[in-house]
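**Student:** My questions all concern the structure below.
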Amino acid sequence: MKMVLSQRQREELNQAIADYLGSNGYGDSLETFRKEADVSTESEKKFGGLLEKKWTSVIRLQKKVMELEAKLTEAEKEVIEGAPTKNKRTPGEWIPRPPEKYSLTGHRASITRVIFHPIFGLMVSASEDATIKIWDFETGEYERSLKGHTDSVQDVAFDSQGKLLASCSADLSIKLWDFQQSYECVKTMHGHDHNVSSVAFVPAGDYVLSASRDRTIKMWEVATGYCVKTYTGHREWVRMVRVHIEGSIFATCSNDHTIRVWLMNSKDCKVELRDHEHTVECIAWAPEAAASAINEAAGADNKKGHHQGPFLASGSRDKTIRIWDVSVGLCLLTLNGHDNWVRGLAFHPGGKYLVSASDDKTIRVWDLRNKRCMKTLYAHQHFCTSIDFHKAHPYVISGSVDQTVKVWECR
């Protein structure tokens, strides 16, 4: 479609082009253009840099238009599918929606873990580049890097107050970082014989648990840095350790296709969960708020009455997500939909939904009550490796092999 400019607009555009040619040293072109466009040799100051300003404005507007179009497509889809629209959704129904609010770059290798700070508006990313980076998730600003590991940082975890950060690495060490003032490493613990793949604080904050490729889980005293307990039982690499909020039990998952739930105060395995057909990559404890949705979903499959829990979700290389009642060692439901390994899980604080990250490059939102995938976000250019859901603010973060960390707003 031909755009029609008024005489004045045409003259101003010609002046701006002449200014651009002159200021960038295109003398011959400028002379020819002045003759053909009848532009005076005395360029006014107001035309200085005007063409560049207009060009950058167009690019900014184009980006805004694309974002609005994505949101409009999203809204139209919801109307067609009959999902509650934004005005009708309560905060308990808010889920991550495209496009991402921020795409954060700075790491020089794959992202291995992303987590929110429990109190401040900060998030932390760990990477195979051996660094940990701190970001402000509300502004998308980079804050600082924590350096000290000499190999891939595999996992990070905060204590309940967010005063200490624990990290573990393929360099066989676990480090504790002061997250209040100095942001320096205050302790380094050694004891594992192979890659340390996961780390978690117990709720009281006085102990840290670590899981390793050496097939063991170790408990470390924060005050002294000493290993006080070693749990054995897995037959292969222990991928992840996660502590239940009450602090009396914790769960681990492994390349041996099993999940084990352990008693914190002894070295005993309370229950072994078997049903996955491949390596179990990730686990997540369900909040109390999820109990009713899980029970309702399980009701169709299990005619055994009300399940007490606690409930645990697991994601595997067999592409499935399973929800377990660990008190009886029973798999209550299986969620199918991912086309590749499931690498990360996080429950919605309201308990209705579970979000998952996968090597199929997507984030999926699962409606637990109806046992279905209600939204798929094509999140990254490469495998999605980690995901976290903020407990108080409407944000989800994801990390990927594409070296980016993305912040998703929930609405």
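Keep in mind that glycine also has a Cβ here, set from the backbone N, Cα and C atoms.
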**Student:** Which one of these stretches, 56-83, 168-195, 336-363, 364-391, shows up in Swiss-Prot as coiled coil?
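**Tutor:** Of the candidate stretches, Swiss-Prot labels 56-83 as coiled coil.
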**Student:** Please work out the helix, strand and coil residue numbers for the repeat 'WD 4' (233-272) from the DSSP assignment.
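**Tutor:** The composition, in the requested order, is 0 helix, 22 strand, 18 coil.
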**Student:** How about the repeat 'WD 7' (379-411) and the repeat 'WD 1' (106-147): at least 3 CB pairs under 8 Å, pairs 6 or more apart in sequence, or not?
**Tutor:** yes
**Student:** Per DSSP, what is the residue tally for the repeat 'WD 7' (379-411) in helix, strand and coil?
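**Tutor:** So the counts come to 0 helix, 18 strand, 15 coil.
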**Student:** Looking only at residues six or more beyond either end of the repeat 'WD 4' (233-272), which have a C-beta under 8 A from one in the stretch?
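**Tutor:** Same-chain contacts beyond the flanks: 155, 194-195, 197-204, 209-213, 215-217, 278-285, 287, 310, 312, 314, 316, 324, 326, 329.
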**Student:** Short question: which residues 6 or more past the ends of the repeat 'WD 6' (337-376) have a Cβ under 8 Å from it?
**Tutor:** 83, 91-93, 95-97, 281-294, 296-297, 313-317, 319-321, 323, 382-392, 396, 398, 400, 408
